[in-house]
Structure formats: structure tokens, C-alpha cells
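Enquirer: One structure follows; several queries about it will come next.
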């Protein structure tokens, strides 16, 4: 899976929602970590 670059966790919400269906995400070391639905 291609890494999603980010400057903050809110940069990840939309791309992670597109990828996993839920916007649960954090920005870690300038890349998004998508957690999917919990």
C-alpha cells in the first residue's frame, strides 16, 4: 500500500476514509497510519 504523506493527523482523515471507509487515522513520521473502522 502506498504511503500517504501528512503534516498532521487531520491530513489523513479524508484519504484514510477513502481507503478504509472510516476516518480513524494518525500522522506518524510524516506518513498516515489508517486504523479503519473500530
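Cβ from N, Cα, C; glycine included.
Feature table excerpt (Swiss-Prot):
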DISULFID  6-27  disulfide bond
DISULFID  12-32  disulfide bond
DISULFID  16-34  disulfide bond
DISULFID  22-37  disulfide bond
SITE      10  site 'Important for the interaction with Kv1.2/KCNA2 channel'
SITE      19  site 'Important for the interaction with Kv1.2/KCNA2 channel'
SITE      28  site 'Important for the interaction with Kv1.2/KCNA2 channel'
SITE      30  site 'Important for the interaction with Kv1.2/KCNA2 channel'
SITE      33  site 'Important for the interaction with Kv1.2/KCNA2 channel'
Enquirer: Quick one: of 6, 10, 12, 19, 22, 27, which recorded positions lie within 10 angstroms of residue 34 (disulfide bond), measuring between C-alpha atoms? Sequence order, please.
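Expert: So the list reads 12, 19, 22, 27.
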Enquirer: Check the Cα-Cα distances from residue 16 (disulfide bond) to the recorded positions 6, 27, 30, 32, 37 and tell me which is shortest.
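Expert: In terms of Cα distance, residue 16 (disulfide bond) lies closest to 32.
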Enquirer: Within a 10 Å radius of its Cβ, which of these disulfide-bonded residues (16, 22) has the fewest neighbouring Cβ atoms?
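Expert: It is 22 that, of the disulfide-bonded residues 16, 22, has the fewest other Cβ atoms within 10 Å.
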Enquirer: Would you mind ranking the recorded positions 6, 12, 28, 32 by how many other Cβ atoms sit within 10 Å of each Cβ and giving me the lowest?
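Expert: Least crowded of the recorded positions 6, 12, 28, 32, by Cβ count within 10 Å, is 28.
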Enquirer: List the same-chain residues at least 6 positions away in sequence whose Cβ sits under 8 Å from the Cβ of residue 37 (disulfide bond), in sequence order, or say none.
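Expert: Correct list: 20, 21, 22, 24.
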Enquirer: Suppose we draw a 10 Å sphere around the Cβ of residue 27 (disulfide bond). How many other Cβ atoms does it contain, all chains included?
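Expert: By my count, 17.
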Enquirer: Using C-alpha atoms only, work out the spacing between residue 28 (site 'Important for the interaction with Kv1.2/KCNA2 channel') and residue 6 (disulfide bond) and round it to an integer in Å.
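Expert: About 8 Å separates the two Cα atoms.
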